[in-house]
Amino acid sequence: STMRERKTADPLNSADPLHSSTDVSEGKEKLRLKQEVGLISSVSLIAGTMIGSGIFMSPEWVLHHMGNPASSLLIWAACGLLAMFGALSYAELGTIIKESGGEYIYILRIFGSFPAFLFAYTSVILVRPAGLAAVCLSFAEYAIAPFYPGCSSPQVAVKCTAAACILILTIINCLNVRLATSVMNIFTAAKLLALLVIVVGGLVLLANGQTQNFQNGFQGTTAGVGAVGVAFYQGLWSYDGWNNLNYVTEELKKPEVTLPRALMIAIPLVTCLYLLVNVSYLAAMTPSELLSSGAVAVTWGDKVLGSWAWLISLSVALSTFGSSNGTFFSGGRVCYIAAREGHMPDILSMAHVRCLTPSPALLFTSAMSLIMIISGNFTSIVNFFSFMAWFFYGMTISGLLYLKIKKPELPRSYKVPIIIPIIVLMAAVYLVLAPIIDQPQIEILYIILFIFSGIIFYVPLVHFKYHPRFLQKVTLHLQLLLEVAPTTRDAN
């Protein structure tokens with residue numbers, strides 16, 4: 001069949017079939033995921049995912065929407081605090097529902113099949129590919145910036161480079177899982193090196209008295225509700241990844257302890273680093289120079305490092321490539337689990353018979369990302385990505401509040417004070433509604449219509465389990481073409 005028959009289970013039953021899942025990377029069937037991720041690895045996973053392209057691309061847009069340096073720094077600090085509150089709320093969810101899959105599995109277990117399908121449908125087709133497209137566009141900006149000194153890079157060159165990046169990542173991830181993870185680990189060092197160079201350079205500039213950009217820092221602050229919301233979108237893009245540990249809950253050692261501890265270490269660390277990097281940018285260039293820069297870190301390198309500025313371009317390009325690889329690598333997880341639950345076409349839960357990689361899911365993500373690169377730019381993709389992401393973050397947090405109020409007897413080793421998820425839910429509602437109220441865009445209506453267009457597919461394919469014969473033939477031909485086979489799920 002083209003869609004797996006979804007098992008009915010108690011939404012919060014810890015003995016759910018998902019605990020016995022198929023490990024595609026090892027090519028084994030009915031294998032419980034090994035709990036091998038400790039505290040240090042967990043901190044690295046969160047910080048390594050969060051530190052990607054955003055801190056090198058978003059500062060100019062946060063400043064643009066806020067109007068001055070001081071208020072933009074407040075936005076960066078507030079984004080870090082909101083990411084921390086969201087992560088702590090997810091930590092409690094992760095100790096109640098100890099399954100991998102993040103928002104998808106939480107929505108499925110708390111609210112049921114239909115909203116979980118809408119999340120999977122939106123995530124697989126739009127949200128994940130949009131995130132990958134934005135990171136690859138960031139990589140492209142920095143990779144080709146040295147070839148166009150003193151001027152903005154042509155959009156055609158940027159988009160072609162980003163598309164080439166996606167195709168290379170597709171080949172790497174489809175060929176070998178270990179190769180993909182090795183690439184991810186190697187490039188983590190580059191991003192840390194680039195940020196440390198920028199931080200140290202900024203501290204030297206401040207010590208030499210270059211503080212003029214921070215005088216009268218709040219003059220000309222933007223007060224518009226929608227503008228502040230869009231500034232938050234751009235800032236929160238740089239913090240995206242705070243929830244990544246919840247996608248691998250089944251693989252954590254002592255998740256009830258490791259999950260909250262790793263979050264409390266990694267997110268404040270990243271927040272401090274981001275604030276120092278922004279201070280360094282503003283110490284080196286005026287707000288107008290920062291706003292006119294297509295690649296902020298490159299402009300900073302030109303002003304501070306002189307002839308060694310190419311090191312920044314290289315480091316940031318390597319950093320964003322590594323981040324895009326991480327985004328691409330984890331992007332198939334929701335797709336695979338949703339297919340395993342019967343919410344996605346069966347072909348997306350299959351693995352290559354020799355490489356043992358989830359190549360159909362990876363190829364689909366790649367194709368959707370290429371479409372987004374052709375049709376959009378960095379800032380518009382980030383805004384629409386953030387709108388959809390915070391819509392579902394809000395739904396997930398409301399699920400936690402439901403569990404805290406209606407099911408307080410459920411065993412949980414970590415409890416977050418109820419005021420924290422309430423704050424996150426209020427922020428999510430604000431981030432979803434503010435841009436619509438203040439500066440309505442027709443694209444937002446298209447996104448909302450797209451989310452609910454999932455009903456057209458859910459009713460016949462999932463609810464009534466209707467499987468057209470021609471789709472079965474398409475699945476069979478795709479299996480033969482891609483050399484993939486179904487992975488066996490637990491029959492109990």
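One-based numbering along the chain as shown.
Glycine residues also receive a Cβ, built from the backbone N, Cα and C atoms like all the rest.
Keep in mind it's a predicted model, so treat the numbers as computed, not measured.
Per TrEMBL, region 'Disordered' is recorded for 1-27.
Per TrEMBL, transmembrane segment is recorded for 37-58 (among others). Sequence-distant contacts of the transmembrane segment (37-58), counting only residues of its own chain at least 6 positions beyond either end whose CB sits under 8 Å from a CB of the stretch, comprise 83, 87, 134-135, 138-139, 141-142, 184, 188, 191-192, 194-195, 234-235, 237-242, 244-245, 248, 251-253, 258-259, 261-263, 265-267, 269-270, 273-274, 277, 295-297, 316, 319-320, 323-324, 326-327, 330, 378, 382.
TrEMBL lists 70-91 (among others) with the feature transmembrane segment.
Cβ atoms under 8 Å from those of the transmembrane segment (103-124) belong to residues 6, 11-12, 16, 18, 93, 97, 243, 246, 334-335, 337-338, 341, 343-344, 348, 364-365, 388, 392-393, 395-396, 399-400, 402-403, 450-452, 454, 457-458, 462-463 of the same chain, restricted to positions at least 6 beyond its ends. The transmembrane segment annotation in TrEMBL covers 103-124 (among others).
The transmembrane segment feature in TrEMBL is assigned to 160-180 (among others).
Sequence-distant neighbours of the transmembrane segment (186-207) (same chain, 6+ residues past either end, Cβ-Cβ under 8 Å): 44, 48, 51-52, 55-56, 273, 276-277, 279-281, 283-284, 297, 300, 304-305, 311-312, 315-316, 318-319, 321-323, 325. Residues or ranges marked as transmembrane segment by TrEMBL: 186-207 (among others).
Under the heading transmembrane segment, TrEMBL lists 262-284 (among others).
Among the features that TrEMBL reports, transmembrane segment is placed at 304-323 (among others). Residues 49, 51-53, 56, 135-136, 138-139, 142-143, 145-146, 165, 183-184, 186-188, 190-191, 193-194, 197-198, 201, 205, 284, 295, 297-298 of the same chain sit 6 or more residues outside the transmembrane segment (304-323) yet have a Cβ under 8 Å from a Cβ within it.
Per TrEMBL, the feature transmembrane segment maps to 360-378 (among others).
Per TrEMBL, transmembrane segment is recorded for 384-403 (among others).
Feature annotation from TrEMBL assigns transmembrane segment to 415-437 (among others).
TrEMBL lists 443-464 (among others) with the feature transmembrane segment.
Most Cβ pairs under 8 A with the transmembrane segment (160-180) among the ranges 70-91, 262-284, 360-378, 384-403 are made by 360-378. Long-range contacts of the transmembrane segment (384-403) within the same chain, counting only residues at least 6 positions beyond its ends with a Cβ under 8 Å from a Cβ of the stretch, are 12, 86, 89-90, 92-93, 96, 103, 106-107, 110-111, 115, 119, 122-123, 126-127, 130-131, 134, 232-233, 236-237, 240, 243, 376, 410, 418, 421-422, 424-425, 427-429, 431-432, 435, 443-444, 447, 451.
Sequence-distant neighbours of the transmembrane segment (360-378) (same chain, 6+ residues past either end, Cβ-Cβ under 8 Å): 57, 124-126, 128-130, 132-134, 136-138, 141, 155, 159, 162-163, 166-167, 169-170, 173-174, 328, 331-332, 335-336, 339, 347-350, 384, 478, 482, 484.
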